[in-house]
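Participant: TrEMBL lists these features:
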- B:61-107: domain 'NADH-Ubiquinone oxidoreductase (complex I) chain 5 N-terminal' (DOMAIN)
- B:123-408: domain 'NADH:quinone oxidoreductase/Mrp antiporter transmembrane' (DOMAIN)
- B:614-678: domain 'MrpA C-terminal/MbhD' (DOMAIN)
- B:692-769: domain 'MrpA C-terminal/MbhE' (DOMAIN)
- B:28-47: transmembrane segment (TRANSMEM)
- B:67-94: transmembrane segment (TRANSMEM)
- B:106-123: transmembrane segment (TRANSMEM)
- B:161-181: transmembrane segment (TRANSMEM)
- B:196-216: transmembrane segment (TRANSMEM)
- B:267-287: transmembrane segment (TRANSMEM)
- B:411-435: transmembrane segment (TRANSMEM)
- B:456-479: transmembrane segment (TRANSMEM)
- B:630-650: transmembrane segment (TRANSMEM)
- B:656-674: transmembrane segment (TRANSMEM)
- B:694-712: transmembrane segment (TRANSMEM)
- B:750-768: transmembrane segment (TRANSMEM)
């Protein structure tokens, strides 16, 4: 993946990427009560990453963000599965979710649901999957050669 | 009894372990006692006061399949033949096959065969019978192909397998129908219900299927073609399987079931016609053969036809003669095969044209052969058993009756004539076999080895059989009351008492024998003058050609059919799949009257929806028209975004968001892949191709439209959505019903969708990385 030398793009990306990331986190947490959720949140995060990759090039972003996205989606799948397995220890069926109001030290009384954990798994998996697919194709040797030859 | 049946099988398992001693002692000696012990075991049942015996071993009780064995006179006769001749064949094979052969294989196959053959004749359960039946086909296949490096052996083995398994399967069909009709799996139970069977609507099928099974196994016309080719097997196998035992399995089947078919005209007509045709045709063909074993093979076919015809006649005299001839044929044919093997072994040739004048060189073989061949020919000498049964056969052909109809009456008149003609040729080939081999001039240059008499132990088994021929010839009534009457009774259904005399007095049977003797001698002496008749008949008429042609056609046409629909073109498969869905679903929609066009329950259509839909439709059509791939990708994007707008309009924010992002990602991926793709080449599709595509696409689209509209208008149950809306907050603790369904109510779906994504990513990653490695290499 070649990086562009467009100053305007690079400047706006610095801003937009973080807005995108912030929005994706919002979407993720909003999921239970408003439109959004792990899937969309994950895709949005991936979109932000892709924008960064497109602007700054593969090498630099990999240096700043040394993430192995294959590990990310494995972790996501693991969290999603384990959140379901957890229910078994409370004599519930697999993937039963629970929710309740908790008094937390900093946030005050909050409504928490185990479904969020499951959604977190989905979120991570989606990010990992999307990034793995796009980066594998994008960093494929052959595509670079074609690009260099100017097609 | 059960042990006796399975003993050879158990020994067959042990044979490989015996190979340790195989260099010191021939494997055959080690296992020879088994059939002998079985023979002695069954011998104890023989006697004038014979009683039936049963023994049961449970196998699949829930399906009423058991190894239930039933020993009556018929089974006893066969069991004695199988074990007795089995013993002699094993003894003979010890000298016939030397140490260099794969003896372990040979005896394993042979003992599997012996077990299954005993199983066939003793089983009372039809499914056990069928199991053993197929095992005989299988072991026979292995034995015929024993010298598998010879092409002829493989051909013969395959041919016999194809034909006998074809018959075996049709027999299975017949047995299944029988079980359904009678609601029992026991043969004796079926015989008790013979009225039910004969009156049932399925009776023609039972009859035809069972007869097909029996005819293919017993090499009846026109299924006889496998037997001459099976002569590629080692001679002990030919002697055992193809003269004495396996080919008689079909005879046994007909005999076993004939109490059911007794008095049925169609049974009489089919079995008699085919039996008598087989007799005449095969004996006619036997004269033409030049190979010793081929003559014997056709002779076997002919004799089996004779037995089959007698079973078809169904009179007590005919059945008694059939049983008698089963015994006689087994003795003289077994000995003749063994002698043919000895000649082959000692001279290196089985071609009767090259042989001759062996009488002085191999006097003992010649003596044994003279009894065998003359008995086969039915020469009237008081020490040859063949004459008795042939005389009784002639007698039986003259006593037919009990059936009415002009066809049957013609048949009854014709049968004795055909029988006489067949017997004349039987006489000719028997004489030809003996005199062609043992008389005339010995030509030393024609045969590969210098012949000399075989070792005495090799001559012992045929000598014992010939002794049997003579003993039956001189004292026929020893066997009569102790064995044969019981067997005949088992077939006939009531007790048969018959005295066997050498001298029947003057009568038609005797005159017929005299005609056979006279005309046969004449024909034999003038053989070289009328031999040319074989150019006219059969000439080019050969059932082998039909078989070969059929096998070839089967291969070429299945290849043609397969290459017709397996074009390798994805487009064709796609058309087939879509057309099949269209045809099956459409047909079902049509016959079930499922089309339901009802617009009462439709929401009002807004202008926005119409505009979006129209844009989407235009974009969809545009995608198919686009000449440039990038354009196609981008226009397809419009459809996707249009869909997202529709989701917004139908208040599905989650779907709209997801659709929007997924569409974007898809377009990005498409564009990423774009560099890897070749430029769109303008495909020069013909008008027909385009027309077909259009037709299939339109048809499929219309079908889906019909289904969609009809499904919308057809509600069988209350939708579940109410529950979700009511309980989203109560049970799921969230306001977003879609998300609560996804992660809570239906979390497992989501989990596995994530897993799908996971595997897709892995697959893409692996595909790209692995391709790189491959290129690096």
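In case you wondered, yes, glycine gets a Cβ from its N, Cα and C as well.
In TrEMBL, annotation is done automatically, which means it is predicted and not curated.
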Participant: Tally the residues of the domain 'MrpA C-terminal/MbhD' (B:614-678) by DSSP class, grouping H, G and I as helix, E and B as strand, and everything else as coil.
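Facilitator: Tallying H, G and I as helix, E and B as strand, the rest coil: 55 helix, 0 strand, 10 coil.
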Participant: Using a threshold of three or more Cβ pairs below 8 Å, and leaving out pairs closer than 6 in sequence, do the transmembrane segment (B:28-47) and the transmembrane segment (B:456-479) count as in contact?
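Facilitator: Contact absent: fewer than 3 Cβ pairs fall under 8 Å.
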Participant: May I ask which of the stretches B:61-107, B:614-678, B:692-769 has the most CB pairs under 8 A with the domain 'NADH:quinone oxidoreductase/Mrp antiporter transmembrane' (B:123-408)?
Facilitator: B:61-107
Participant: What stretch in B:28-47, B:630-650, B:750-768 has the biggest tally of Cβ pairs under 8 Å against the transmembrane segment (B:656-674)?
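Facilitator: Looking at each of B:28-47, B:630-650, B:750-768 in turn, the most contacts to the transmembrane segment (B:656-674) are made by B:630-650.
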Participant: In the same chain, which residue numbers or ranges, 6 or more beyond the ends of the transmembrane segment (B:28-47), come under 8 angstroms Cβ to Cβ?
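Facilitator: Same-chain contacts beyond the ends: 4, 7-8, 11, 15, 18, 21, 53, 71, 76, 79-80, 83-84, 86-87, 90-91, 93-94, 97, 103, 107, 111, 114, 118, 482-483.
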